[in-house]
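S.K.: Before I ask anything, let me first share the structure, which is written out below as structure tokens.
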Amino acid sequence: MPAFNRLFPLASLLLILWVGVCFPVCVEVPSETEAVQGNPMKLRCISCMKREEVEATTVVEWFYRPEGGKDFLIYEYRNGHQEVESPFQGRLQWNGSKDLQDVSITVLNVTLNDSGLYTCNVSREFEFEAHRPFVKTTRLIPLRVTEEAGEDFTSVVSEIMMYILLVFLTLWLLIEMIYCYRKVSKAEEAAQENASDYLAIPSENKENSAVPVEE
């Protein structure tokens with residue numbers, strides 16, 4: 001049982017990785033909210049669909065609201081990509097997926113004036129035999145653009161924890177391998193000792209031990 005308890009977390013991790021590879025899974029990951037001036041910035045917008053909702057007509061609208069201003073349309077997907085006339089014209093790039101579950105866009109050459117609130121609206125009309133339901137989802141991305149990249153304390157801590165976990169798993173696997181090797185070696189030594197003891201018995205004793213005594 002202790003060995004099972006030690007192996008169960010690793011088996012669970014391997015099972016999750018196997019499922020993720022064999023069966024694509026949609027995960028609604030939030031977007032980054034900080035960008036550096038002059039670099040590209042991906043505005044992530046993911047709207048997952050259930051398996052039975054594959055057939056759908058999807059319309060995507062991206063809006064931008066500057067600080068103290070109003071929303072205005074900067075990008076639209078309706079039967080194809082369409083970049084509308086705006087201050088972002090020529091700097092927006094479609095970064096979504098073919099199934100339109102990921103409808104992200106990338107802002108090229110980010111400037112300080114690009115700080116503000118970005119809104120991603122995803123409208124879907126599902127095609128069923130009996131009815132055609134309409135669903136709309138909204139994602140808000142408050143973006144802050146800085147002149148230089150600042151050190152993110154959270155990312156540093158996460159990176160340190162990742163390395164610690166990696167070292168721990170490596171040591172754990174090494175200990176398990178040594179334990180299994182010693183266990184197999186002891187089993188082989190015991191088998192060899194039993195075989196040696198059997199060979200050391202005189203042949204007469206072997207015959208007597210093999211033939212039952214009749215009264």
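Placed from the backbone N, Cα and C atoms, the Cβ positions cover glycine too.
Feature table excerpt (Swiss-Prot):
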SIGNAL    1-22  signal peptide
TOPO_DOM  23-156  topological domain 'Extracellular'
DISULFID  Cys26-Cys48  disulfide bond
DOMAIN    32-154  domain 'Ig-like C2-type'
DISULFID  Cys45-Cys120  disulfide bond
CARBOHYD  Asn95  N-linked glycosylation site
CARBOHYD  Asn109  N-linked glycosylation site
CARBOHYD  Asn113  N-linked glycosylation site
CARBOHYD  Asn121  N-linked glycosylation site
TRANSMEM  157-178  transmembrane segment
TOPO_DOM  179-215  topological domain 'Cytoplasmic'
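Quick one: how deep are these features, and who are their neighbours?
M.R.: Taking the Cβ of Cys26 (disulfide bond) as centre and 10 Å as the limit, one finds 15 other Cβ atoms among all the protein chains shown.
Its own atom aside, the Cβ of Cys120 (disulfide bond) has 23 Cβ atoms within 10 angstroms in the protein chains shown.
Following the DSSP three-state reduction, the secondary structure of Asn95 (N-linked glycosylation site) is coil.
For Asn109 (N-linked glycosylation site), the Cβ neighbour count at a 10 Å cut-off comes to 12, with all displayed protein chains included.
Within 10 Å of the Cβ of Asn113 (N-linked glycosylation site) there are 11 other Cβ atoms, across all protein chains.
Here the Cβ of Asn121 (N-linked glycosylation site) has 18 other Cβ atoms within 10 Å, regardless of which shown protein chain they belong to. Following the DSSP three-state reduction, the secondary structure of Asn121 (N-linked glycosylation site) is strand.
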S.K.: Can you give me the same-chain residues 6 or more apart in sequence from Cys48 (disulfide bond) with a CB-CB distance under 8 Å?
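M.R.: Cys48 (disulfide bond) has long-range Cβ partners Cys26, Val27, Glu28, Gln101.
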S.K.: Measuring Cα to Cα, how many angstrom lie between Asn121 (N-linked glycosylation site) and Asn113 (N-linked glycosylation site)?
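M.R.: Given the Cα positions, Asn121 (N-linked glycosylation site) is 22 Å from Asn113 (N-linked glycosylation site).
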S.K.: Rank aside, I only need the closest one: which of the recorded positions Cys45, Asn109, Asn113, Cys120 has its C-alpha nearest to that of Asn95 (N-linked glycosylation site)?
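M.R.: That would be Cys45, the closest of Cys45, Asn109, Asn113, Cys120 to Asn95 (N-linked glycosylation site).
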S.K.: What's the CA-CA gap between Cys45 (disulfide bond) and Asn113 (N-linked glycosylation site) in angstrom, rounded?
M.R.: 21
S.K.: Through the lens of DSSP with three states only, how would you label Cys45 (disulfide bond)?
M.R.: coil
S.K.: With DSSP helix as H/G/I and strand as E/B, how many residues of the topological domain 'Extracellular' (23-156) fall in helix, strand and coil?
M.R.: 10 helix, 57 strand, 67 coil
